[in-house]
Amino acid sequence: MESTRVFVSGLPPTLTNDQLKKHFETRFHVTDAHVLPKRRIGFVGFKSSEAAQQAVSYFNKTYMRMSKISVDIAKPIDAEPAHRKDSRTAQPDDALGNNLKRKRDGDTIKDSKTQEYLSLLQQPSKTRTWANDDQLPDPDETDSHAQEQEQPFDVDDQEELTYAQRKKAKLGQDANESSHVPVVAGYQPTTDESDGQPSPEKHEEELEDPQKDQAPVSDSDWLRSKTSRLLGLLDEDEQETFASPAAATNPTPIINSNVEKPEAESPEKPAESDLTKAPTAAEVDTNIENIRISARLFVRNLSYETKESELEPVFSPFGKIEEIHVAFDTRFTTSKGFAYVQYADPDAAVEAYRNLDGKIFQGRLLHILPASQKKTYKLDEHELSKLPLKKQKQIKRKQEAASSTFSWNSLYMNADAVMSSVAERIGVSKADLLDPTSSDAAVKQAHAETHVIQETKAYFKANGVNLDAFKQRERGNLAILVKNFSYGTKTEDLRKLFEPFGQITRLLMPPSGTIAIVAFARPDEAQKAFKSLAYRKLGDSILFLEKAPKDLFEADVPPQNPLPETKAVSQGFSTADTFAADEGDEEVMATATLFIKNLNFSTTNQSLIEAFRPLDGFVSARIKTKPDPKNPGQTLSMGFGFADFKTKAQAQAALAVMNGYTLDRHTLVVRASHKGMDAAEERRKEDTAKKIAARRTKIIIKNLPFQATKKDVRSLFGAYGQLRSVRVPKKFDRSARGFGFADFVSAREAENAMDALKNTHLLGRRLVLEFANEEAIDAEEEIQRIEKKVGEQLDRVKLQKLTGAGRKKFTVGAQDDES
């Protein structure tokens with residue numbers, strides 16, 4: 001995951017979060033801004049990583065209030081810091097070396113024999129003869145070597161140590177210094193008479209002045225003790241809280257060397273961070289256990305513009321997600337900055353928690369906590385059993401509306417509304433349209449529904465609806481398909497019904513008035529409307545609601561006013577339309593290569609390319625060559641070549657220009673290139689083309705009503721092309737088996753019938769149409785198919801012999817009876 005957060009240093013001292021955000025918002029959209037004023041650094045979050053990169057390029061080394069700022073991509077929290085040794089670390093090394101050198105010079109001067117030698121070299125008038133008697137051994141000489149051995153860490157090394165290591169070294173140094181203090185004769189520690197422990201009064205006095213009996217420290221140690229290590233990261237109150245445990249744990253000075261030394265801190269104890277205290281293992285285990293119970297995550301510190309669709313790619317790689325809910329503020333129509341993610345598998349939720357907690361998302365650091373289980377309002381089965389059975393089914397169906405899958409297709413329409421719409425359009429009554437004495441009333445209704453569906457598709461496509469989205473099973477969370485309402489329902493009626501639940505962004509109803517699409521601004525509003533209005537009675541019908549497919553709208557196309565004269569796509573096809581597809585295939589298969597002959601034998605590939613390069617669509621050119629028998633390794637031109645172009649039209653234009661062109665004193669002859677084939681190959685190609693054209697002419701009709709006859713199928717499919725044959729298989733009792741076949745003359749007619757009738761209902765059943773299995777184009781493919789079928793049959797026979805061998809009947813003791 002690329003970082004969407006930038007690090008800004010060198011900020012003005014009095015800069016605030018709002019001012020930093022306002023400065024970066026002059027060019028980019030900012031999701032978060034945080035300033036640490038004491039350190040003059042800050043962090044700025046952006047919506048995408050591209051915006052963060054552009055912000056670094058634009059704002060780096062610019063000025064804010066006379067302060068030059070540096071902008072760089074922020075590193076993750078768990079990134080390891082680069083170990084480098086700067087000049088500040090190198091300077092103490094040199095200083096320490098110089099100090100050691102000066103100490104050696106001083107020691108040399110303090111040496112007794114050296115002083116005696118130097119005194120002899122001085123003039124007699126400057127020599128004090130009485131000074132030799134008063135010289136005493138310097139106590140520093142006896143302790144200098146011991147102090148050098150007892151020093152565990154150098155001054156410059158302590159800057160690279162952690163807080164725990166420096167504290168441990170200090171404790172060891174104090175203990176070593178106390179061990180060299182001479183024992184005072186007659187000294188006894190003050191103890192309490194009751195239990196023999198040291199007196200608390202004396203202990204308190206020692207704690208009040210811990211530095212009283214310690215030896216004087218060096219200048220660097222004194223300066224380090226007066227300098228805060230927090231560098232302004234914490235407030236004053238936090239600094240006092242942070243420093244109080246350290247003051248309480250200071251060791252008391254030890255006077256007698258026989259007294260036991262205080263133990264240093266255990267190295268196994270983890271050091272506390274200067275900024276934040278890491279959660280303990282018990283807390284982490286508690287969070288994980290809570291997540292395993294609910295499989296639900298509470299995600300906070302989100303941007304106020306975050307949507308469910310943006311969170312799904314982040315959390316979906318860890319497992320199947322049942323629901324993502326972003327909390328919205330109804331007063332300001334913006335997000336509250338937190339969301340809930342419900343997983344189907346608890347292990348997936350735990351994995352997401354471990355990998356995403358503290359990560360950067362849209363410029364903010366994610367904070368993930370375990371969430372409680374979602375509240376569900378279950379029905380009381382005891383109270384529900386007291387109601388009538390019909391009422392029980394209605395309540396259960398309404399309760400399960402949000403999670404149930406519908407058996408009808410997305411473009412399902414009320415049959416009565418379809419017939420009413422068609423009857424009103426042609427100016428007849430519905431009774432005249434459906435003649436009770438006619439046997440093809442079901443076919444008429446199917447034709448009417450097909451006409452209305454085609455009209456609805458044309459209207460939706462004109463208003464920016466992606467019709468291919470209806471083929472996918474994944475559903476969105478913003479749009480709702482409203483179906484099964486009575487004919488005559490107006491757009492205003494649906495708007496009044498859905499508006500109380502939220503802001504409606506789109507409301508589309510085709511001229512037929514049999515289906516509608518309602519789109520909301522927020523997912524929670526759409527969910528609330530779906531739960532409240534599912535199976536509600538509207539007029540003399542019941543509303544059927546279905547969640548619209550995902551990515552239903554292609555673009556933000558404004559809805560067009562429905563025109564009364566809007567017509568459906570014409571279903572009539574002429575002979576030219578029928579064979580248009582074949583002509584298009586020939587156009588695609590046509591060559592875009594030119595054959596060039598009468599070339600000069602001295603013409604090279606480079607000269608031929610230079611001649612054809614200025615032409616539009618030129619790709620390459622080459623001269624056909626052969627090996628030179630007299631000069632091995634060399635080639636000879638054969639006097640012709642080829643030139644390739646991108647399209648056939650460009651090749652035709654080049655042919656008209658270059659035919660008759662003079663190149664190297666030779667007039668070029670340019671023709672369209674054709675691959676040479678023998679008679680058998682040409683015949684094979686023709687047969688293959690015929691089989692390809694005829695392989696998609698047969699349609700298998702599934703979910704066919706048992707009452708449908710062969711005549712009904714012919715009447716329904718015959719309106720879209722000329723049928724070669726219609727077959728409806730029957731059982732032994734002459735009843736239909738529920739499927740049929742329709743074979744068209746051309747593949748274009750079969751495709752048109754498939755596209756028009758794939759959402760049509762016949763006698764209340766939706767027709768499921770598929771192309772029948774294609775016949776083998778090549779004889780080799782047919783042979784392989786037959787061999788595979790025979791092999792499967794032989795395997796079944798062998799399996800039957802193996803499993804049936806142990807089922808033979810046998811008589812126990814038959815031989816004994818015969819004897």
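Going from the start of the chain as shown, residues are counted 1 onward.
Yeah, the Cβs are placed from backbone N, Cα and C, and that goes for glycine too.
Residues or ranges marked as compositional bias 'Basic and acidic residues' in Swiss-Prot: 104-114 (among others).
Swiss-Prot lists 115-132 (among others) with the feature compositional bias 'Polar residues'.
Look at Swiss-Prot and you will find 151-160 tagged as compositional bias 'Acidic residues'.
According to Swiss-Prot, the compositional bias 'Basic and acidic residues' annotation covers 200-212 (among others).
What Swiss-Prot lists as compositional bias 'Polar residues' is 247-259 (among others).
Summarising the annotation, Swiss-Prot assigns compositional bias 'Basic and acidic residues' to 260-275 (among others).
Taken from Swiss-Prot, the feature domain 'RRM 1' covers 4-76, and the record attributes it to sequence analysis.
Per-residue pLDDT, averaged over the domain 'RRM 2' (295-373), rounds to 87. Summarising the annotation, Swiss-Prot assigns domain 'RRM 2' to 295-373 and lists sequence analysis as the type of evidence.
As annotated by Swiss-Prot, domain 'RRM 3' applies to 478-550.
The domain 'RRM 4' feature in Swiss-Prot is assigned to 592-675.
Positions annotated as domain 'RRM 5' by Swiss-Prot, on the basis of sequence analysis: 697-774. Helix, strand and coil residue tallies for the domain 'RRM 5' (697-774), in that order: 22 helix, 25 strand, 31 coil [DSSP].
According to Swiss-Prot, the feature region 'Disordered' maps to 80-223 (among others).
What Swiss-Prot records for 242-281 (among others) is region 'Disordered'.
For the domain 'RRM 3' (478-550), DSSP puts the residue distribution at 22 helix, 27 strand, 24 coil.
When the domain 'RRM 4' (592-675) is classified with DSSP, helix, strand and coil residues number 19 helix, 34 strand, 31 coil.
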